[in-house]
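Student: Pulled these from Swiss-Prot:
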DISULFID  CYS128-CYS163  disulfide bond
SIGNAL    1-31  signal peptide
Amino acid sequence: MKNLFFSAYKKVFSYITSIVIFMVSLPYAYSQDVVVNTTKHLFTVKIGTTRVIYPSSSTKGVSVSVANPQDYPILVQTQVKDEDKTSPAPFIVTPPLFRLDAGLQGRVRIIRTGGKFPEDRETLQWLCLTGIPPKNGDAWGNTQNNPKNSSPTMDIQMSISTCIKLLFRPDKVKGDPTDSADSLTWRYKGNYLEVNNPTPFYMNFYSLRIGDEKINLSDLGSKDEIKNGSYVPPFSSRDFIIPVKNKGKATEVFWQVINDNGGVSREFKSTVQ
């Protein structure tokens, strides 16, 4: 009787073990047979300029060319934001949302809707365009290069926003930033190099060096809480971190600024006070 019990027990145990082994092996076998393809699609917009000058006298607004550099269609969302890139600005962009087919160009128009701006200086806003992927099931949203491929595919779609400067310029402000870029003054202030802008223009730096050392235009340090990039606003000042090798040693500073057309000025030079 005891032998019969152990014999039956061994058969049941062997059967259960076989099931467990099969269940453990099944995912492994499946992972060996099925290949999951991964694709990545960017949804971005190329803007035909690096900055937009909006004259205060404009009644019809200003237009900007845009392009779809991808080989598949995208939706383009347009908006204007305040200098902080968060708050809405008193401008509209038409069309606010539109489809742009692969490799094609289009135009958007920026129109002021209100707002009270200083008359003695420029005001900075941001024109932002965002490429938007299709939703599941949208007929226009097929980005697959090989739709007949039977292998499962994980499609990573990345929506990218591109923002450029929109400079509202009063009629009283004449000329180009490069005409008065040599008016900037510089002085040492602790571990920082301070630049003062006495002009009505936003001075957008292309390059900056003190002595032979280049200054990192994107490194504002912990002192400057406003992440305003590589520019100094009108009638304002800002600080740059001084390279360690040149703290208080170099006496000359050199810089280039970007003009209204996105070009680069000649190099200016001044003595550090």
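The backbone N, Cα and C atoms fix where each Cβ goes, glycine too.
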Student: So, in DSSP terms, is CYS128 (disulfide bond) helix, strand, or coil?
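Tutor: DSSP call for CYS128 (disulfide bond): strand.
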Student: Who sits close to CYS163 (disulfide bond): which same-chain residues at least 6 apart have their Cβ under 8 Å from its Cβ?
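Tutor: The list for CYS163 (disulfide bond) reads LYS81, LYS85, TRP126, LEU127, CYS128, LEU129, given in order along the sequence.
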Student: In three-state terms from DSSP, label CYS163 (disulfide bond) for me.
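Tutor: Note: CYS163 (disulfide bond) is in a strand by DSSP.
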Student: Starting from the Cβ of CYS128 (disulfide bond), draw a 10 Å sphere and report how many other Cβ atoms land inside it.
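Tutor: That number is 19.
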